[in-house]
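Down below is the structure, laid out as structure tokens.
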Amino acid sequence: MISADAARNVVGIIGNVISFGLFLSPVPTFWRICKRKDVEEFKADPYLATLLNCMLWVFYGLPIVHPNSILVVTINGVGLVVEGIYLIIFFLYSPNKKRLRMLAVLGVEAVFMVAVVLGVMMGAHTHEKRSMIVGILCVFFGSLMYFSPLTIMGKVVKTKSVEYMPFFLSLVSFLNGVCWTAYALIRFDLYVTIPNGLGALFGAIQLILYACYYKSTPKGQPKDGEVQLPTVRGGAGNTVGSAGNVSITVER
């Protein structure tokens, strides 16, 4: 009989693999930016938001805050590196106005994280209190990320077309939410469960919409198949899918 901890580790490893794939999903966008040496109309906002989300989840998963959550740290640590690379590329090929805005947002995020770390470490002296404070912040930002697909889902219903909601991203986002929800339920973790439960729910709705409107979608070449991360992803690898020059949402 497999133990609960062993099962949780297996599910967490699978979740790491799925989330890593979602972190890499914007690669075609950045390949295009590098080739054209221009960010065009793409925005840095999704990557800046994902960077903050990953930082919060890395802090949450540290033993000093929430013990036995190393797999939350690993995938979001990878996310930090990947998002950092995206932002460096974005910075290199952006006009000065966008660069200054990026630096301003990064400065605010850095100050916010320092304040969170100092406040939690100095003001909360038990794992329970630290987990609660950081977990609430993770749930707030992770849930905001998972609400981002509502726009694209509304567009699907309005146009009766899934052209801008790729099936693969919707499927992987659903599996990602399910996997991390299962991980959180094996050894119950409310703060990982909420955002990833929302991710699984919205992923399932996207798949249902895809099944309903696939046949009514005009057959032709999709426009600009580049993908951007959510103005929300994160949680324990949180990301939610959509497409074109639109949001996807990973968490944790």
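The first residue you see is number 1, and the count goes up from there.
Including glycine, each Cβ sits where the backbone N, Cα and C put it.
Note: TrEMBL annotation is automatic and uncurated.
According to TrEMBL:
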TRANSMEM  6-25  transmembrane segment
TRANSMEM  46-64  transmembrane segment
TRANSMEM  70-93  transmembrane segment
TRANSMEM  100-120  transmembrane segment
TRANSMEM  132-152  transmembrane segment
TRANSMEM  164-186  transmembrane segment
TRANSMEM  192-213  transmembrane segment
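Highlighted: of the candidate stretches 6-25, 46-64, 132-152, 192-213, 46-64 has the greatest count of Cβ pairs under 8 Å to the transmembrane segment (100-120). The stretch from 46-64, 70-93, 132-152, 192-213 that makes the most Cβ contacts under 8 Å with the transmembrane segment (164-186) is 192-213.
Outside the transmembrane segment (70-93) by six or more residues, the chain places 9, 12-13, 15-16, 19-20, 23-24, 26, 30, 33-34, 37-39, 42, 44, 47-48, 50-51, 53-55, 57-58, 60-63, 99, 102, 106, 183, 192, 229, 233-234, 236-237, 250-252 with a CB less than 8 A from a CB of the stretch.
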